[in-house]
Amino acid sequence: MHKQAPIQRRKSTRIYVGNVPIGDGAPIAVQSMTNTRTTDVEATVNQIKALERVGADIVRVSVPTMDAAEAFKLIKQQVNVPLVADIHFDYRIALKVAEYGVDCLRINPGNIGNEERIRMVVDCARDKNIPIRIGVNAGSLEKDLQEKYGEPTPQALLESAMRHVDHLDRLNFDQFKVSVKASDVFLAVESYRLLAKQIDQPLHLGITEAGGARSGAVKSAIGLGLLLSEGIGDTLRVSLAADPVEEIKVGFDILKSLRIRARGINFIACPTCSRQEFDVIGTVNALEQRLEDIITPMDVSIIGCVVNGPGEALVSTLGVTGGNKKSGLYEDGVRKDRLDNDDMIAQLESRIRAKASQLDEARRIDVLQVEK
């Protein structure tokens, strides 16, 4: 593994979404949002469980009606991951899901009602120890801010966020996190930079409405990557017009790429050329699918020839360097074996699983020794 100086994260206060710590140095949480009808309890539960399986720390669920709130009660009883209820316009829905054990409320104080209604929601959240996320979005800025600035700007998003923060400050409530999302990468990044200088609360990162699976992943990687590399951000969501499971995968890929939080295999693979001695692309695609269940952090390099292969293998947990008929296998930088190119996928899967088990056992022993 390549050595690098750790990113110095912005200091923030600590809140808890269910049992997940947010801020104050806690691991950056990766979350997604269901796209089922919340009133379809079975479909929503199945999607949440699919998100849990790929590592989601938190899942947000839209609760637009009282019927959805009743469904939320049933959903909450069937899943383990903390749930955030996304509430707009009707403060009574927030009060209802609070009764049903919601782990966090995502509200916009600007559309939830008057001061008295906001106070009722905040008092309920305080009594039940439920944090709140203030969610500001460039696409739904208050009309007076639209008129003042003419268009969404970083200053407009900041002013909107601070207006809502002031709502909670006046009510002496500090268990909250804030987001200032936009679909434009530069607008979102600058808005978060400004906000990070103004408040101490945790920040939830996102490039909203980023696009489809490919373009949305690229936009999110650029925007979130810039902020995370500057130490800004305590939770994140990659917003894609795609299966929410992909949001979690891309989120962890961003964190892995920045070496902020490792989960699963970090594949290093060449784009291939006429020098490749085996099917690199097919091997990588197959292994990514077969090894999705592996959560052990490890770097695996799969290089088709001897130009860059040995160098990458030296800094990988496991590395393959393409050779004629057989390819070299490296473990922790040391050449260990040769693999038959015609059976590369099965052999490499077996070696990776064995290495993951070995690393897991070593960590288990380390934990036991520390506990003693």
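Each residue, glycine too, has its Cβ placed from N, Cα and C.
Annotation comment: Swiss-Prot describes C270, C273, C305, E312 as [4Fe-4S] cluster binding site, evidence class sequence analysis. Summarising the environment of C305 ([4Fe-4S] cluster binding site), the number of other Cβ atoms within 10 Å of its Cβ, over all protein chains shown, is 19. Mapped onto three states, the DSSP output places C305 ([4Fe-4S] cluster binding site) in coil.
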Binding-site residues listed as C270, C273, E312, least Cβ neighbours within 10 Å: C273
Any further residue of that chain within 8 Å (Cβ to the Cβ centroid of C270, C273, C305, E312) of the recorded [4Fe-4S] cluster site: P271, T272, R275, Q276, V280, I303, G304, V307, N308, G309, G322
Mapped DSSP class for C270 ([4Fe-4S] cluster binding site), helix or strand or coil: coil
